[in-house]
C-alpha cells in the first residue's frame, strides 16, 4: 500500500506474478528502474547472476565499553568470524564465513595526520584493516561498476554505535567509502573531460522514519505525510517529487550531505526522536552521454544507492496492544520487513518458490532492485567486540549470513536518449486516452494525471543540458540562504555561537546559531518573530533572550517569561546570567545546545575545556533532578546500563509532561529506578520504568520504557495534529488517545517476600512482611506463615523427632513438604479493588512452574485471603538447599484501580497541578533494601534455633545436677551424645530418665578420678 492507504496504480498492464507477489520481470531480468529513487530506463539484456557480497567489520572498544570493563568476544581470520557467548566461556564460538572479515579491534596506530593504519609492531598489526583496505575491496568495485553502467547498492547494517557510519562516511582523514568513491569519480571525470562524452552526476537524499519518507534536501516538504511512494512496471517504486540535484564535484556532494544531515537534526530535535531509528538513503546517479556511429545519443546510467539502516537493537515486549503498537511496529517494521525479504530471497536462491514481501514496508519497496533485481549489492555488517553487546552482535551476524545467499542480476543500463523520450511520449499518449476515456475511479484519474505530470517533467529534464540544470540548481541554492559547512566553520571560528547536541554523535553541531553583537530573541515560530526559532511543545513564543556585547566576550542569557524552562549546566536559571565557553543550555525539554566562544578561548589559552557530549549534558540534568549519575568507570555493567537508559528516556519524559500541559491532559510522567532485588534477581540490571499519574482520577501506572516511548511518539503526533488544526482534541476517542490507560486491567500493587530459611530447621514462621511498590515505597503489609508438614499436609509437631534439625545437610536427598498460608493484607491503597495475590513455585522434579493465585477481594483496603497451599521441595539437592536457606517466595499483589472523583472546588489545570507536584519531580525514591527485609526473618529463625539449643543445654544442666548430687565425677559419653543429637523433646526426656535410673550404675565415684576416654565425659 502506498502512503495514506491508497493503492499504487499503473495504467499499464500489470506483469504476471510468481509465487503470489514477485514481478516476473523483476525475477527474470530487469525490475527495470535503473534508479529506484528516480526515473529512468534500462537496457533489456540480462546480466549474469551473482551473490550479494557481505563484509563484516569489528571496531575497537568505545568509551562506554571501556567504562563497563567489557571483554572481547569476536575473533577473525581468513574471512571467518567467530563470536563467543560470554555466558558459556567453555563452549566453542559460533562461526560465520563471509566474503570479507575486517579486523579493526586492535593492531592499528594513529599517524601524525590522524589517519589510522596497521602497526606491524603489534601482534595483530598484519590483520588490522584501515579505511583504504575497505575501499580497495569494496569501493573500487562500485566505482568500476558505475563507469560500466551497472547499478550498485551499499548497505550498512548493525546496532547503533557499532561503527556503520565509520565505514561508509568516516571522519577527518579517515574517509569512508562514500567520500573516496565521490572523489575518485570526479577525479576520473576531470581527466576524461574534453572528449566526445558528457558526464552528469545528480544527488538525492531521503530518510525513512515511522514509514514516512522525508526529502532531506527539501526541508519545506510535508513533514507529516512525507513523499508518496508510487510504482511503475518499468521504473519500480519511486518517491514522488523527490529533489534530485545536479552536482559537479565532491565538495558539492559534501555540502548537500551536510544540508541533509542538518535537516535530519532539526527534525529529530523537534520531534525528540532518535536518528538511529531512521533509515537514510543517499542516491548518486552517474550518466555518460555519447553518440554512436549512427549519430544517436546514448545515455549510459548508473545509480549508486548508499543505505545507512536504522540501528538493529533488540526490542523488548511492551505489553501494548492494538493501536498502542502502531508507533513501535512502524519503527521496527522496516527492519523486520527487510529481514523477511532477505529470507525469502535466500530461499528463492536455494530453489524454493516463495513470495517476496517487498510491499511490507517503504524501505523494501524502494530497495527492491538492490535486493533482488538490477544491482550489484554489498552489505557491510558492523559489530561491537564487547561481551555486553553479545545478543546484538550475534543477531547482526545471523542477518548478514542470511543475506549472503541472495542473488541479483545486474545489467548495463544504456539506451538512446531519443528512445527514452519516445517511450515517455508513447506512455503519455496512453495515459491521456485513459483519462479521456472516463473509465476507472476518481483515484485512478488522479494517479494518471500525476504520472502524466511526472513524465512531462522528466522529458523536460532530458531536453535540458547538464550545464543548464547545474546553473539553475546553484541559483536556487544561493537564493535559499543555506550556508555551506565551510562558511559556517569560518563564522564559528570568529563569533560566539550555539551548536546542537544530539544522542547520535553524527548529528552534533549540525545546527549552529551564530551570535554577533546585539539582542537575540529565542522562541517558537508563533507570535512575534524570533531571531532564533526553536520548536517543540515546551517552547514558548517568547522563551529566552541572549545579549552579546560589542566585544563578543560579555554574552548573557535570561528567560523571556517566568514560565519558560531554561537550564544551564543542568540547573534552571532564575535571572540574567553570563554565559561561559562550553556551557550546556537546554531550552524547553528537547532543544539542547552548547555555548561556544572562540574569543574566550583565545583570551584564556591555558584553560582546559572537557569535550561536551550528549550523555554528559543529559547526565547533569538527571543529577540535578535527584538521580545519581556517574561519569567514571566505577559503576558495574548493570548499573551503567540503567544509567544510560535513564539518560536516554529523561528528555522524552520531560517532553511528555509538556505535551500533557499543552493539551491539559492532567497527567504526569516520572522516571523511576526499580531495584532487581525487588524481584529476587540481585545479579540483574536496575530497570527504568515510567510512573504515570493521573491527577484527574487519582490512578497510577508503571510503564516500561519501551511502552512509554511508543505512547510518547503517539503523544507527539496528537500534539502536532491538534496544533496544526488537523483534528480537534474533543474528537479523539479513548481508544485513540495515547494518554488513556484501560482501567479494567489489573495493576501491580507491590511485592512481598516470604523467606524460606525457617523451613530448613523445621521452625514454623508466622510474620507480617512489607509490601513494596515498584518505586520501593510501602504499599501495605501482608500476613503470611510457613509451616513444615507431611505429604498429607498435616502439621509436624515442633517437639517431634522430625522437627529437630541441627545440620541442614541432612535434608539432601529428601522431600520437604510445607504449607504456605497467605492470611490477609493491611493498608492497601484505597484506589484498588478486586485485590488478589499471585506467586510462582517450581522446584525439584516439577516440569513446569506452578502459577498460584488467591481469590479476589473487593471493597476493602484490608483484604482477607486465607489461602493455604501445600508445596514441596522434592529430592533436595545442594542447589535446592541453597534456595531454601537463602531464597524467598515473591508474592505479587494485584488489583484493579477505581477512578476517584475530583473535588469540584479544585479547578486547577495541568500546569498548576504539575507546579504543585514539582517538589517530588524526578527525585529518586528510596529503593527497597532486601537485606533489611530479610533480616527480620533471619532473627526469627535464630531465635527459634536458640530456643532449641537452650532446651538441650537445660537437660545437660539437669544431668550435671543429678550426677553431682550422687558424687559422680564422670558421665557416660553415650548420654551426652544422645542429648546433643536428640531430634526432639520426647527424646531428651528419654535420655534424662535413662540417666536418672541407670546412669548411676554406669558412672564412677569422684574419688576414683579415672577417665575412660572412649566411654565417659568429665564434668567440671
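Heads up, residue numbers simply count up from 1 along the chain you see.
A Cβ is built for glycine as well, from the same backbone N, Cα and C atoms used for every other residue.
Just so you know, TrEMBL annotations are computer predictions that nobody has curated.
A quick note: this is a predicted structure, and the numbers were derived from the prediction, not measured.
For 1-16, the entry in TrEMBL reads compositional bias 'Basic residues'. Feature annotation from TrEMBL assigns region 'Disordered' to 1-51. The feature compositional bias 'Polar residues' is assigned by TrEMBL to 28-45. What TrEMBL lists as domain 'Kinesin motor' is 51-406. Among the features that TrEMBL reports, ATP binding site is placed at 158, 159, 160, 161, 162, 163, 164, 165. Marked as coiled coil by TrEMBL: 442-476.
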Residues within 8 Å of the 158, 159, 160, 161, 162, 163, 164, 165 Cβ centre (excluding the ATP site residues themselves): 311, 382, 384
Among 159, 162 [binding-site residues], residue with fewest other Cβ within 10 Å: 159
Which of 160, 165, the listed binding-site residues, has fewest other Cβ atoms within 10 Å: 160
Number of other Cβ atoms within 10 Å of the Cβ of residue 158 (ATP binding site) across all protein chains: 30
Overall pLDDT for the coiled coil (442-476), taken as the rounded mean: 67
Distant-in-sequence Cβ neighbours of residue 163 (ATP binding site), under 8 Å, six or more positions away: 57, 59, 104, 382, 384
Which of 161, 164, the listed binding-site residues, has fewest other Cβ atoms within 10 Å: 161
